[in-house]
Ligand code: UDP
Ligand code: MG
């Protein structure tokens with residue numbers, strides 16, 4: 001991913017801030033905006049056009065009107081013979097060209113030896129994967145991620161962090177500056193800007209480790225977009241694998257409409273469900289494909305009953321993780 005320079009600046013600012021406070025990424029978007037503005041204004045200044053006029057000495061001489069050439073006026077009105085062009089002094093131009101070229105070559109060689117300045121060094125993740133286990137749990141809306149995570153927590157002592165639950169808690173937190181933004185995204189099945197979600201997850205991991213010492217995490221419903229995946233692994237912790245629950249859309253829709261009768265969730269209705277499906281296919285499936293290409297996906301068919309799906313999950317995870325499970 002080519003994270004742009006303004007994005008990186010904003011991110012550093014963001015993380016400095018989020019480490020100081022409790023579980024809220026307060027002021028982060030405002031600081032991000034400032035970083036973007038700074039970058040944008042410096043780019044505008046540096047890109048103002050500059051006219052560079054280059055002319056070789058001979059072109060310059062050819063363009064001078066004859067009457068103004070001091071060296072060609074000697075014969076007019078006098079008996080002295082006209083001076084030929086061969087007497088024109090070129091050596092000052094040659095000296096200028098020689099020094100100019102020499103200087104250019106020296107500068108070019110010097111720049112080659114300097115380290116490249118465009119790409120800043122990559123950030124170090126907050127947690128080492130040798131110390132902290134992270135499994136991403138993905139699947140379409142209603143695929144059964146939450147149900148399976150609850151069982152894995154019970155049997156294997158994971159801490160379950162649902163990105164959706166963290167966002168809903170932040171949305172309902174009195175005084176949160178992201179409440180309206182999160183509410184709007186959830187209703188429309190859109191993805192909340194990654195800065196908010198990644199900061200909420202990092203804070204939740206930090207709090208869990210501090211409070212209980214547990215360093216095994218199931219991160220449910222995240223990453224839903226490539227930028228989130230890259231940012232989380234870069235600044236928080238590289239994931240061990242992706243547990244992907246595969247389920248046909250018709251089955252997921254049936255489950256969500258059933259859940260909607262009692263869940264009280266603003267997005268468990270026919271219209272929001274349609275939008276969530278579209279976001280999943282267009283934005284989240286490329287994340288699964290990316291990890292699949294890296295051989296980091298454990299895929300489980302989640303159409304059967306929860307018990308059958310769980311048995312399959314355990315078997316496949318044991319094969320890959322062994323006693324790390
Ligand atoms: N969401 C988001 N980023 C995330 C995770 C969730 O923006 O990383 C938002 C998104 O609008 C999504 C909603 O939260 O549709 C509900 O997510 P949740 O994981 O609770 O839905 P589920 O997949 O469990 O049905
Ligand atoms: Mg869920």
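Using N, Cα and C of the backbone, Cβ positions are placed for all residues, glycine too.
In TrEMBL this protein carries:
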REGION    34-84  region 'Disordered'
COMPBIAS  37-51  compositional bias 'Low complexity'
COMPBIAS  53-84  compositional bias 'Polar residues'
TRANSMEM  90-107  transmembrane segment
BINDING   142, 143, 144, 145, 146, 147, 259, 304  ATP binding site
REGION    162-192  region 'NMPbind'
BINDING   168, 190, 191, 192, 221, 222, 223, 224, 228, 265, 276  ribonucleoside 5'-phosphate binding site
REGION    258-268  region 'LID'
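A map of TrEMBL features onto the structure.
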residue	record	Cβ neighbours (10 Å)
142	ATP binding site	25
143	ATP binding site	26
145	ATP binding site	24
168	ribonucleoside 5'-phosphate binding site	17
191	ribonucleoside 5'-phosphate binding site	19
221	ribonucleoside 5'-phosphate binding site	23
223	ribonucleoside 5'-phosphate binding site	28
228	ribonucleoside 5'-phosphate binding site	24
259	ATP binding site	15
304	ATP binding site	14
Conformational class of residue 144 (ATP binding site) under the three-state DSSP mapping: coil
Rounded Cα-Cα span from residue 146 (ATP binding site) to residue 228 (ribonucleoside 5'-phosphate binding site), Å: 20
Least buried by Cβ count (within 10 Å) of the binding-site residues 144, 146, 147, 276: 147
Neighbourhood of ligand 2 - binding-site residues from 142, 144, 147, 191, 223, 259 with Cβ under 6 Å: none
Residues among the binding-site residues 143, 147, 191, 221, 276 that border ligand 1 - Cβ under 6 angstroms, in sequence order: 191, 221, 276
Alpha-carbon spacing, residue 221 (ribonucleoside 5'-phosphate binding site) to residue 143 (ATP binding site), which is rounded to whole Å: 10
Minimum Cα separation from residue 143 (ATP binding site), reported as the residue among binding-site residues 168, 191, 223, 276 that achieves it: 276
Structural state of residue 228 (ribonucleoside 5'-phosphate binding site), classified by DSSP into three states: helix
Of the binding-site residues listed as 168, 191, 223, the one whose CA lies nearest the CA of residue 145 (ATP binding site): 223
Euclidean distance between Cα atoms of residue 142 (ATP binding site) and residue 276 (ribonucleoside 5'-phosphate binding site), Å: 10
Cα separation, residue 146 (ATP binding site) to residue 168 (ribonucleoside 5'-phosphate binding site) (Å, whole number): 15
